[in-house]
Amino acid sequence: MNFIDEVKIYIKGGNGGNGCVSFHREKFIDRGGPDGGDGGRGGSVIFRSNHHLNTLVNYRYKQHFTAENGENGKGSNRSGKSGKSLVLDVPIGTQIFSEDGNILLHDFTEDDQSFEIIKGGSGGLGNSHFKTSVNQAPRKRTEGEIAEEMWIHLSLKLLSDVGLVGLPNAGKSTFLSVVTAAKPKIADYPFTTLVPHLGVVYVDDEEFVIADIPGLIEGAHQGHGLGDKFLKHIERCNVLIHLIDGSSNDVVVDYNTVRLELGSYSDHLEHKIEIICLNKCDVLTDEEIQEKINKLQQATNKEVFSISTYTNLGVNKIVKLALKIIKNQE
């Protein structure tokens with residue numbers, strides 16, 4: 001399935017039905033009074049979050065959505081049938097913006113939330129409403145209300161507790177596959193991960209969601225590599241796990257490259273709690289591991305953990321630390 005996280009669509013509510021001009025007809029009654037019914041209300045446009053969805057692909061090819069119009073009123077004071085509302089399902093984490101993207105209209109953060117974005121138009125009044133003492137046979141009625149229409153922007157931000165960051169080939173996808181049941185594509189070349197992946201980590205009868213996004217390279221915020229368009233998917237997380245390839249010639253440069261891209265994208269993202277992990281320690285000697293950890297700790301003034309997603313060295317410790325941070329922020 002294609003991963004689509006940005007779409008622009010047109011939506012319109014249903015118009016109200018027109019009121020009816022009608023007069024009572026009955027045998028032996030020449031001039032019955034007005035009995036025109038009201039028009040039915042138009043259908044509304046409603047968005048609803050659905051945990052079974054994880055992409056906006058349903059809105060990629062069909063972009064125009066209109067609720068049903070209300071029916072016109074009828075004689076014998078019969079009102080027109082109301083139009084059916086249009087319910088559009090979106091993944092949890094979807095945000096609805098104005099067409100220009102500047103105004104946030106709604107943010108879906110839980111399952112089965114509903115948001116009525118456009119109300120259907122009111123039905124018009126039939127001529128029975130306009131009978132007066134001086135006008136016993138009015139031919140006046142009103143038309144149904146024209147419903148609102150608009151273009152909107154849908155943006156999906158995946159909901160996760162932990163975000164994995166690092167350069168391409170830092171081992172993020174392997175980390176995700178080791179600690180969860182997720183099955184991301186893994187190979188020994190850059191940009192194996194082309195779309196975000198989510199997995200659920202189970203720890204001591206508790207769980208949290210972790211997101212792996214495509215690796216960042218220098219200049220990602222300027223569109224280089226796969227760019228920074230996937231960084232929004234870790235904006236909601238509580239903690240970042242920053243994986244660094246231990247086999248790299250300069251782990252400090254690698255670390256700073258990713259930090260620069262995070263800061264260029266968002267101050268909020270740059271200041272999230274971070275767990276720094278020197279990965280692929282299985283291919284290093286103890287002396288090499290300690291040397292690289294010392295360099296990173298001097299450069300960051302933070303604790304650095306040695307792990308190997310190949311042998312599972314230190315991985316469980318990182319998972320438990322992440323869970324502890326998440327619980328402390330609840």
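Just so it is clear, glycine is given a Cβ too, placed from its N, Cα and C backbone atoms.
Annotated domain 'Obg' per Swiss-Prot: 1-159, in sequence order, evidence recorded as sequence analysis. According to Swiss-Prot, the feature domain 'OBG-type G' maps to 160-327. According to Swiss-Prot, the GTP binding site annotation covers 166-173, 191-195, 212-215, 279-282, 308-310, on the basis of sequence analysis. Residues or ranges marked as Mg(2+) binding site in Swiss-Prot (evidence: sequence analysis): Ser173, Thr193.
Between the C-alpha atoms of Pro214 (GTP binding site) and Ser173 (Mg(2+) binding site), the distance comes to 9 Å. Following the DSSP three-state reduction, the secondary structure of Ser173 (Mg(2+) binding site) is helix. Over the domain 'OBG-type G' (160-327) the predicted model carries a mean pLDDT of 85. Within 10 Å of the Cβ of Asn169 (GTP binding site) there are 21 other Cβ atoms, across all protein chains. Contacts of Ser308 (GTP binding site) defined by a Cβ separation under 8 A and a same-chain sequence distance of 6+ are given as Asn279, Lys280, Cys281, Asp282, Gly314, Val315, in order along the sequence.
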